[in-house]
Amino acid sequence: MSKSKDRAIVVKRVAPQKKGHHGGAWKLAYADFMTAMMAFFLLMWLLSSVTPVQLKGIAEYFNTPLKAALFGSGDRSSQDSSIINGGGRDLSSVDAGTLRRTDGTTSLADRVAKAGDDKTRSQAQGAQDRLEQTRLHDLQIKLMAAIEANPTLRQFKQQIRIDSTLMGLRIEIVDTQKRPMFAMSSDHVEPYMRDILREIGKTLNDVPNRIIVQGHTDAVPYAGGEGGYSNWELSADRANASRRELIAGGMDEAKVLRVLGLASTQNLNKADPLDPENRRISVIVLNRKSEDALMRDDATTTTLSADAAGSKLLAQQLGGPAPAARPALASAVAVAPKP
């Protein structure tokens, strides 16, 4: 009896387990379905209340929405230009300003397209300019390396100057008292000068740019230059002789755009016009902008020459004296022959 009284009473309580919330996903799906159904029936109601012209405009819009927004939706001749009538105006209509003419010829769409074309053209031009600068810089490095690699030319590197200008890459071979490039008062090229020019001519083919060859002299007057051969003819003849040596070195003859004789008008040493350094040959590898500007000058001069020819014909018809025609400039200045 005592044993039954001492027995422990165990009460087992099971805690209720919380189950996850369920049932919300179907509500979201149902809400989406009802929203779609409401939009569908609203669309059906709208379509049943529009005219055939408006239906055509809606179809065109959904086929090409951007075109419809910029240029209009085709034949919208109906006075009722909006599907749902309201107090405001249809923003896609001409009256609202989407296609309003600002200068009588250009629409908004045309101006947007033009602005995009200008930006694209500017970006392409900038990339082309950077590529050209890189190409000319590589040419400068290659020329300097070629001079260093040639033992004959290396001893004359102090007379060769290469730098960048607004027109492009300028290569100058300057004269010295001890090492003249040409024979005295002559366009006869000295042997070392011939080697330098031919090495440069070989390298210039690595770039598509065209060139200008300029001849310079010092201010020492040429004997008998007042009435005949002068520093102008001498500088032009030396520039032309340099052109021949560049071509002999392998340069394409079509690369030459100008051959100029400048006498002593652009002295290297402005403080001393008699300095032998002023006697030099300049080879300018033109950049694209400079080449285009020179080509435009040629076209303008040709037009003036054509106008002169027309004036001559008109004068002949009127029976008066014909005006002298103005000759067009050639791509290279003609070199005066020695007397």
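Any Cβ shown, glycine's included, is placed from N, Cα and C.
Note that this is a predicted model, so its numbers are computed, not measured.
Of all ranges given (105-130, 287-312), TrEMBL attaches the label region 'Disordered' to 105-130. Taken through DSSP, the domain 'OmpA-like' (169-289) splits into 40 helix, 27 strand, 54 coil.
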